[in-house]
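One structure below.
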Amino acid sequence: MPDRPDLHARVVAQREQRSADAGRRTRREVLRRDGVHCEVADAQGNTRKLLNFCSNDYLGLAQHFAVVGALQDAAARDGAGAAASHLVCGHHAVHGALEREIADWLEVPRALLFGSGYLASLAVLQSLLGDDDLCVQDRLNHASLIDAARLAGCRLRRYPHGDVEGALRQLRSMAEGAAMLVTDGVFSMDGDVAPLRELAVAARVQQALLYVDDAHGIGVVGPEGRGSITAAGLDVASAPLRLATLGKALGGYGAAVAGDADLVDHLAETARPYVYTTALPPAQAAAALAAVKLARREHWRRERLQELVQRFRARAERHGLQLLPSDTPIQPVLCGSNANALAMSDSLERDGYWVAAIRPPTVPDGQARLRVTFTAAHEPVQVDALADALAVARDRAVDAASSRVA
Ligand SMILES: Cc1ncc(COP(=O)(O)O)c(C=O)c1O
């Protein structure tokens, strides 16, 4: 008989460790959503009305009548699902129309749809890199990019957050083999923007391909919301591939990889997370098409976000809350320990606000935070009230911690 570790016992031990570290994760059921207002149920089935400050629906498009209407019409016409992968019989006209609209919006030759941003990044790295190649990444890149490099089998080297010299050093460390330089455009847990112009130069001198995960930049930053690459004044020659997700500012689900025609066409024929999976439901593509059109033309949504961000930062700083340098709708409030972040999140919930606590391994140890996010549907008075409630939550958490010590 082999003497294997018991997986059930391992799972129990890991769960106990997470409990000891204030690291347990729970889900809340959303019973109803109406813009930024939602009704949620906790594990005991109690319901609460909360003002949501942790969604990625930055432009407030998820429930827009034109977006929902497009989804309903397409579902009535094409059904609930695509019925096959793109290369079999699942590629519908609306998929093609959305790919062309995204390519036109982002001013690139091609866009290719994926089931999610996670799958899209797996596809890019796996299709382009092999065992002898190098992938250099920012230390704070999204987990999907790290997983993508692992799955591609290439060498993964990371550099300190935003450190262009560090990126160059890592690229120089392995001069043979193809190389990719990979970064979030807007960092998902910090809200800051990568130094893309400088990274593009580093990539060029090291003959590496720059891939930008712009999940949180698309729709939000740059002219017409074209994202962080356009905001940095770069084009497809210096940043040949980017990820645009449809599940955040565009309010739906799915993703697109956009950029250089040869590279994108290669993905369509070879990327396993593209070839061996059912195509995005055509109704989702129709919803995204409506959302892209709104995102392109309704500049007031981005202007509103900027106004809310500046207002929040000024008030939160007056309260002495610990913010990070971010101009985007992602405004993390640092809490230090996991227990502190959970206590503040619970306290906010008691006061009617929903702000999720983000803890390691999603963020580095000792940097647990409340990831506050704004949408164009928030009102300035709601943002003021949140900043005040955060200060109260911080004070309550400090009082609770000191009474535990005493
Ligand atoms: C930076 C970043 N990249 C990729 C993803 C994955 O996108 P998706 O949710 O479409 O899988 C996310 C979000 O989950 C993200 O924050």
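A Cβ is built for glycine as well, from the same backbone N, Cα and C atoms used for every other residue.
Under DSSP, ARG25 (substrate binding site) is assigned to coil, being neither helix nor strand in the three-state scheme. Shown in sequence order, ARG18 are the residues of the chain, 6+ apart in sequence, with a C-beta less than 8 angstroms from the C-beta of ARG25 (substrate binding site). Per TrEMBL, substrate binding site is recorded for ARG25, HIS142, THR362.
Annotated pyridoxal 5'-phosphate binding site per TrEMBL: GLY117, TYR118, SER188, HIS216, THR245, in sequence order. Under a cutoff of 8 A between CB atoms, and with a sequence separation of 6+ in the same chain, the neighbours of TYR118 (pyridoxal 5'-phosphate binding site) are SER144, ASP147.
As annotated by TrEMBL, domain 'Aminotransferase class I/classII large' applies to 49-390.
According to TrEMBL, the N6-(pyridoxal phosphate)lysine annotation covers LYS248. Long-range C-beta contacts of LYS248 (N6-(pyridoxal phosphate)lysine), restricted to its own chain and to partners at least six residues apart, with a cutoff below 8 Å, comprise ASN56, ASP57, TYR58, ALA215, HIS216, ILE218, GLY219. DSSP classifies LYS248 (N6-(pyridoxal phosphate)lysine) as coil under the three-state reduction.
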Between THR362 (substrate binding site) and SER188 (pyridoxal 5'-phosphate binding site): CA-CA distance (Å): 10
Candidates SER188, THR362: member of the binding-site residues with the richest Cβ shell (10 Å): SER188
Cα-to-Cα gap, THR362 (substrate binding site) vs THR245 (pyridoxal 5'-phosphate binding site), nearest whole Å: 19
Chain-mates of GLY117, TYR118, SER188, HIS216, THR245 with C-beta within 8 Å of site centroid, pyridoxal 5'-phosphate: HIS142, SER144, ASP213, ALA215, LEU243, GLY247, LYS248, ALA255
Rounded Cα-Cα span from GLY117 (pyridoxal 5'-phosphate binding site) to HIS142 (substrate binding site), Å: 11
